[in-house]
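Step one of this worksheet: look at the structure below.
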């Protein structure tokens, strides 16, 4: 692929060069053609040679000479057209491949980041980097990239040409341009700062919109629309000032450059006229006539047009550069390396052991301290405790979302730090409180649990999860298209689908985090039945406030303030009349 890109880039560059060379030749061919059609004589009466007269006889009639010049200039224009189309066609394909690769690498980097990274990031801003910022980079490549390269090369080659025409006048003209353009750099820097602020504010606003739309039902229930509208108004208004400032700088630069061009033309024509009137040689030509003036002004126009194109595209360039910086910040993120050496676990039973485990989302404030327990294959462990006690943190550690500060976690005799994340998680199924469904058919969603699952296995898993009956009532059965926003599925039905996904995975360790909350009585019964089947021959960890689920656990682990206070089955803990008993009594009241 890289070799193919190299050839395409070379092809684009050659087309740009050839197009520019023919573009430079055009004003010369036209000016020299006028000298060929209407012969020019010097002050001593001698005819001034034209490049056409070196090829064609000078005694041709005017109509033939006009035809020769017209055809020559037309061919040059046609070649410019061909080379421009060719370089744009191949260039656009190349630029799109580059943008697609850049977007893919940024997405891959995000997917490689640890859970702790997303805990501290604005998801909307990350989405903005992959969408809005990549759109700006795409514009930079497709609209500004090739044109900027072409314009810069045009400036370089045409500058050489006008030096050949008249070094003195060229030096004066280019000095004026360079001096006035240098003055522009201060504004270019200020406009980049403004556009950088625009993109950052846009990322913040995208994050806010994503948050509000995701929780739109909560917004309506709590009647927060007016508050959300006011907050959005603040985000929206934060875009105005930097956008206006950045565009004002750009408009000023564009107008300023028009002024620069006019001043340069005026000075160049004045000097050339003075040289001509006073018969002063110009270190390259012995006589200055209207043919020279036409060639020189047309060539100078090539330079100013190229600069004009660069300034016109400057908004796109600034936005593209700022967006590229934001995307490359993602690409430069340090991925936490998985130093584990075991990338494949054998068939295991699912014995789990915690040895003096300590962890905290903030190192200065531990969430868990001194956690010790051991469970065997087939055990059902209910983790109970008040809100914020650390129940879900144990699940997060078991899923290897985070590393413990101290202690060790074992699955059978394999220590968690020795096993890669992929290999460790292959042995675990999880059903969360928030049942997330991906866009696709029901069959595709279930197959996410195990990619090689057959249709028959999917149907069997859904029957185990009590999901088959309601699936068959849907318009297209297992081929019904759903998404995470599928409101025609009840909360209970969505949860049954996630349970079916866990069934098809058939991992030896099962994690259930409030899997039966927020459902009606009928759905709860179906979910409990399906969970009961799912837990057979598995080591299961359950977080739930449902007494009916907790009391059937073989082991209940009571956690408070990040510590294990009590362990035992329901009857044992109730007899102790300790924290668990008080917790249950308060929940009944």
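Using the three backbone atoms N, Cα and C, a Cβ is placed for every residue, glycine included.
Range 280-300 is the one annotated as transmembrane segment, of 280-300, 343-363, 364-384 (source: Swiss-Prot). Taken together, the residues of the domain 'ABC transporter' (352-586) have an average pLDDT of 88. Within the same chain, residues 129, 132-134, 136-137, 139-141, 143-144, 147-148, 150-152, 154-155, 158-159, 162, 174, 177, 181, 188, 191-192, 195-196, 198-199, 246-247, 250, 253-254, 257-258, 260-261, 264-265 sit at least 6 positions outside the transmembrane segment (303-323) and bring their C-beta atoms closer than 8 Å to a C-beta of that stretch. Sequence-distant contacts (6 or more apart, same chain, Cβ under 8 Å) of residue 392 (ATP binding site) comprise 513, 543. Close to residue 391 (ATP binding site) in the fold, though at least 6 residues off in sequence, lie 383, 384, 385, 543, 559, each with a CB less than 8 Å from its CB. Among the listed binding-site residues, namely 386, 387, 388, 389, the Cβ with the most fellow Cβ atoms inside 10 Å is that of 389. Within the same chain, residues at least six positions away from residue 390 (ATP binding site) with a Cβ under 8 Å of its Cβ are 367, 368, 559, 561, 562.
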